[in-house]
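Following: one structure in structure tokens, then a few remarks.
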Amino acid sequence: MENSKWVATVASIWIQCSCGASYAFGIYSAVLKSSQGYDQSTLDTVSVFKDIGANIGVLSGLLYHAVTNNHRDSTPPSSRFGSGLSLVYLAGAIQCFAGYFLMWLSVTGVIDRPHVLFMCLFMFMAAHAQTFFNTANVVVAVRNFPDYGGTTVGIMKGFLGLSGAILIQIYQTLFYGKPTTFLLMLALFPTIVSLLFMNFVHENPSNTTHDKHHLNNFSLIALAIATYLMIILIFQNIFIFPSWAHFLTTIILLILISSPLQIALTAQRNEQQESSTSPTITPLIVASEAQVDSHSVVEMNLIQAMSTVNFWLLFLAMICAMGSGLATINNISQIGESLNYSKVKINTMVSLWSIWNFLGRFGGGFVSDLILHKYSWGRPLFISLTLAAMVIGHLIIALGGSLYFGSVIVGVCYGAQWSLMPTITSEIFGVKHMGTIFNTIAAANPVGSYIFSVRVIGSIYDKEAREEGGLCFGTHCFMVSFFVFAGVCVFGMFVSLVLFFRTKGFYVLLMERRSKHLE
């Protein structure tokens, strides 16, 4: 079987499905808190290091650029098994195993209770692995399908968003009620999957004539998996599943996850059949290093990008959107407990967050691609729209409305940033250093999470809990925090509108070049 860009896409999807363990923090946060004797602020501090590790991926971007530059010009695209990309995945696998395994040893008491700084280090390593997997998968996808960057980033980020629900489903089937064993599973499962499939991922920006049709099929599979997971989670919340039902639903889930391979094989056959009769279209953004100047509007390195106003506008908008969204999911278990939600309902919300996260990631890329190609409206406009919706979501939670409904809105809008931001980065700063630049902007996620989780939610909750003798129950525990979040999102909405108007002419030029290029 030829190692085409379609096989590479499937391998990336499978790795993405396994490496989103940071989104399942709510499953083991309670046992981590109780076993280590943490208060809420200390637990939030550990979770911030999770966010720092999962989002500050500058090292992964630099490693990706270094190893791929050494291979890009010397190795034929169709035969890059074992290319330098494997080093990126290997670095991620080592960190993933070490971080979660050390946490498991600490929680089970195999090693003495570590100082909180060491636990922060363990959490950082475990989460930092995700940036290596994610950087390789996303940048390869954009290079392989440059004319549909929003769709491809949405697919990759969408499956990463679904991975939390997938991992939790496997946990509930095999180890339900044993969150400490879940930590051991997180140490082994992503590590094994990434090592198995890393050699299939490579850059091969070939014929793009019919890419959109096959990418839409990948999108349909992703939507089918998300719908299936949502149905399972709803039924699990209503009924008590026997063990055989858990096994059956998980087997069906694994079959659905394996189905992209059939799409890849079909696309590969069609591409081979049409290659002799259809003209090959050079991708718009970048097909090779030699073509960058003729087909790319701009190419910047990290230092050049950071010297622009647009970089900092995008960074500020991400602090508002990602920071407030991540603070919500990091504390959703504690919010649920304060509102007297059952453990099953809380776990269901944590799992459903992955579904809403996926819908945002997928929808943000797919819809922005449609609007961009049809009307030439820049993607920063969609950041503004999602921030406006987040204001509503935060206000619903603050005013004591449905936590389910509020978390749906926040989850979808938070997820959308993860497809919009990398794609905007590739368009206004170029693809060559995309991995380094978008991972630097992603630092806004932990920065915002620290401000909003530790300094806002953690401090206010602990103050209320001390006044009530240790624990806080009722909507007042988090009301002020979410009013603050709503105000922050209003500010971010105006920042992203400024970015939209600053780049409006750029996007018109980009689409004009694309139209001329296709002619």
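Cβ atoms are placed via backbone N, Cα and C, with glycine included.
The domain 'Nodulin-like' annotation in TrEMBL covers 5-264. Residues annotated as domain 'NFD4 C-terminal' in TrEMBL: 305-509. Taken from TrEMBL, the feature transmembrane segment covers 6-28, 87-105, 117-142, 148-170, 182-200, 220-240, 247-265, 309-329, 350-372, 392-416, 437-458, 478-501.
Within its own chain, the transmembrane segment (478-501) has Cβ neighbours under 8 Å at 310, 313-314, 316-317, 319-321, 323-324, 327-328, 331, 335, 338, 378, 380-381, 383-384, 387-388, 390-391, 394-395, 397-400, 452, 456-457, 460-461, counting only residues six or more beyond its boundaries.
If you look at the transmembrane segment (220-240) against the transmembrane segment (350-372), you find at least three C-beta pairs under 8 angstroms, all six or more positions apart, and that counts as contact.
Between the transmembrane segment (6-28) and the transmembrane segment (117-142), three or more CB pairs separated by 6 or more residues in sequence fall under 8 Å, so the two stretches touch. Counting C-beta pairs under 8 angstroms (sequence separation of 6 or more), the transmembrane segment (392-416) fails to reach the transmembrane segment (117-142), with fewer than 3 such pairs. Per-residue pLDDT, averaged over the domain 'Nodulin-like' (5-264), rounds to 86. At the 8 Å Cβ cutoff, the transmembrane segment (148-170) and the transmembrane segment (117-142) share at least 3 close pairs (sequence separation 6 or more) and count as touching.
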